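Taking it in order: structure first as structure tokens, then the write-up.
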Amino acid sequence: MDRRLWTICMFLWIQGLLAKNNTSTAHFRLVGGASRCCGDLEMKRQDENWKPVDGFNWYMKLGNRVCAELDCGTIVSVRHKSSDSVTDSWQISSQCDEPSLSDCVTPWKRPSSLLELSCSDSVKLVHGSSLCSGRLEVWSNQPWCSVCEEDLDHNDAEVVCRELGCGAPSLLQGALYGEGEAPVWTSELQCEGNESAVLDCRRSSSAGKTCGSGKAAGLTCTDPGGVRLVGQLSHCAGALEIQYQGVWRLVGDQHKKWNLKYGALVCQYLDCGSAVSVTRREDSKYTLKWWVSFPCVKLTSGLWDCVGLDGSNYASSGVDVVCSGTNEHKLCLKLNSP
């Protein structure tokens, strides 16, 4: 084949693939809620009908990606609603670690577990290590804007953390999560600290104000859940439990995914040094356990963000973690040293 003709054919083939991929782009919306940023999740591909998204094996951080796609704030809550009806729907893989959610979508037809998402309308934390930390941005009848550190006090931070469903503020510092690329907000918050949302606070104008270098407000709120190791004398060793939605449960390991990398997250959270061992434990009976999505978990992310919403996860396996901060580990090192 002539080289020039071969080049033209390859070019047309590639263009066809790109066109096909463009038509497969997913579009999301939330319906039936009080605003465009809350409601039941639906999705469609180009020129197709809107269909619900199945809620099987979802977790908070996956919901936060949808909120970002909708240009809403940080995810506040995700819950699934069971349905006995069999309907055409979409499923997004809980193991999705692709840059675009479109690459993780497959058609689904079975009794659905529908998703109800609530994203913040007016506030988000970006580029943080978890859903409850990041650089603060607000929305108020204008695009997302950064907030100057000097315009945010402890009362303001209390309201931000509360609106996002997080715990109390633990750290407020300029440029903690990078410089803001968004424009500077032209108002100054004057919260009393008991408001439920940032837009309920009084504001004063600071038109024309600019933030100096390193002054974009970064905020860290405490996680609403918890992590602990139980069953041993030291709090740095034992069976792994996570508190989620106010409930403490053991963590299951039915897929044999837990290793030292993920154990290090636990030890880091508990301020217990590094992970020495992570072992899979088989219990005598099946009990209700939390599961954790591992593609969601990074060493800079909170475990709480990655706990699955499906509460019907019965498993016999559990996870035992030993951190270097345990007295037992230090004693063994001492006895084994020359």
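Heads up, residue numbers simply count up from 1 along the chain you see.
A Cβ is built for glycine as well, from the same backbone N, Cα and C atoms used for every other residue.
Residues annotated as disulfide bond in TrEMBL: C191-C201, C296-C306. The feature domain 'SRCR' is assigned by TrEMBL to 28-104, 123-222, 227-324. The signal peptide annotation in TrEMBL covers 1-19.
Annotated features, which come from TrEMBL, shown on the structure.
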| residue | record | CB count, 10 Å |
| --- | --- | --- |
| C191 | disulfide bond | 22 |
| C201 | disulfide bond | 18 |
| C296 | disulfide bond | 22 |
| C306 | disulfide bond | 26 |
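With respect to their backbone Cα atoms, C201 (disulfide bond) and C306 (disulfide bond) stand 31 Å from each other.
Secondary structure by DSSP for the domain 'SRCR' (28-104): 14 helix, 36 strand, 27 coil. Helix, strand and coil counts from DSSP across the domain 'SRCR' (123-222) read 16 helix, 34 strand, 50 coil. Summarising model confidence by region, the domain 'SRCR' (28-104) averages a pLDDT of 86. Reported as a whole number, the C-alpha separation between C191 (disulfide bond) and C306 (disulfide bond) equals 31 Å.
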